[in-house]
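If you look up TrEMBL, you'll see 36-60 marked as region 'Disordered'. If you look up TrEMBL, you'll see 83-391 marked as domain 'YjeF C-terminal'. Taken from TrEMBL, the feature (6S)-NADPHX binding site covers Gly196, Asn249, Val250, Tyr251, Glu252, Tyr253, Lys254, Arg255, Asp318. Marked as ATP binding site by TrEMBL: 289-293, 308-317.
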Amino acid sequence: MSRPTGAWRHQQQHRGRMWAASPVFRRQLVLLRSLLPQSPPSSPPSSVAGRRFAPLSSPSGTSGSLRAAHAMAAAAAVYEADAEAVVRRITPPLDRARHKGQAGKIAVIGGCREYTGAPYFAAISALKVGADLSHVFCTKDAATVIKSYSPELIVHPILEESYSVRDDERASVSSKILNEVAKWMERFDCIVVGPGLGRDSFLLDCVSNIMKHARQANIPTVVDGDGLFLITNNLGLVEGNPLAILTPNVYEYKRLVQKVLNCDVNEETASEQLTALCQKIGGVTIMQKGKADVISDGKTVTQVSTFGSPRRCGGQGDILSGSVAVFTSWARHFILSNELPTEKRVNPTTLGCIAGSLLLRKAASLAFEKNKRSTVTTDIIEFLGKSLEDICPAEH
């Protein structure tokens, strides 16, 4: 990858100086150092996450008002994550003493008559990354099809669409669906809402209830695809939920910005706008997918720009959502098991997004190297394991 040049490089250096001068940066530096491996002795002390920044001290002669302005702008400064270090740190070792389920139990809420591929891609990707168990909660019409794709998935044919439910039965059917999902919910380490969900009004109402229950149970929730359509029209489902992760593409992000911030997407202030969006919704983590995946929880802005593949086949977002779910569950367990005080913990949802983004990009690169223009989503899924092994070799 070529190095940035000209005005773009100057802009990045300026952003780096603003970020390094802020209290937010200093706090995050301490947190990241507690999580990531220590840098070699020869590394400059002002580098973080693999990218060099200006020294932490403010330039001499800088006025208090200018420092305050820098601090405010720093919250939206973008820095490149050392994604490989994050993956190595949060990926649990393979231990003979572990039993089934300890490496992660993931559930995908989605799948209807028209869409059966998306929930399969998300659920099977979770297994390929390293989760022990992967469930799919879908409609009856989708269940048999999804089961036929792989015997590895646990498929629950319990969701219903409007055409199959009489008006006078809706309340009782909705309650039955929620009760059935609730039996399983506390077993899950993370759920993914949206792949292949469709936009049937009754089905979306049922899934809204499931999301509310997951929130009450403190289950991290990745929202993608039609799940983003659902929450854009009902922000209360994710408002103030620090365990919610939204993964919009360019069109989904545009709708979200217009709904929440009442304006259009502004590329010139992209990071500031992303930060404002997270803050306005209230503590959620958003991964804005694109040439670089830009991630924010409203406090910091991180990006993963490792090149993946020029092939943009459908389904890659489903791979990403399943991968992020696994890595988020691993990051959360890693942080909790290290018994760090709450104020010193790095946001596990941010770490999950960083790791999931990198893994998809590496797998897509390997798949494209082999298949070129014929690369499809199933080809990328097959390289998830190798990509993780290249970064974090399994110990025998």
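Any Cβ shown, glycine's included, is placed from N, Cα and C.
All annotation found in TrEMBL is predicted automatically rather than curated by experts.
From a predicted model like this one, the values you see are computed outputs, not experimental measurements.
Note on proximity: of the binding-site residues Val250, Lys254, Asp318, the one nearest Lys291 (ATP binding site) is Val250, by Cα distance. The binding-site residues shown are Gly196, Val250, Lys254; of these, the one with its CA atom nearest the CA of Gly315 (ATP binding site) is Gly196. Taking the Cβ of Lys254 ((6S)-NADPHX binding site) as centre and 10 Å as the limit, one finds 13 other Cβ atoms among all the protein chains shown. Comparing the binding-site residues Gly196, Gly315, Gly317 on other C-beta atoms within 10 angstroms of each C-beta gives the minimum for Gly315. For Lys291 (ATP binding site), the count of additional Cβ atoms within 10 Å of its Cβ stands at 9 [all protein chains shown].
Ranking the binding-site residues Val250, Cys313 by how many other Cβ atoms lie within 10 angstroms of each Cβ puts Val250 at the bottom.
Comment: (6S)-NADPHX site residues Gly196, Asn249, Val250, Tyr251, Glu252, Tyr253, Lys254, Arg255, Asp318; largest CA to CA distance 20 Å, whole number. When the binding-site residues Lys289, Arg311 are compared by the number of other C-beta atoms lying within 10 angstroms of their own C-beta, Arg311 comes out lowest. Just so you know, the Cβ of Glu252 ((6S)-NADPHX binding site) picks up 23 other Cβ atoms within 10 Å once every protein chain is counted. When Cα-Cα distances from Lys254 ((6S)-NADPHX binding site) are compared across the binding-site residues Asp293, Ser309, Arg311, the shortest belongs to Asp293. A simple Cβ count within 10 Å picks out one of the binding-site residues Asp293, Asp318 as the most packed, and that one is Asp318.
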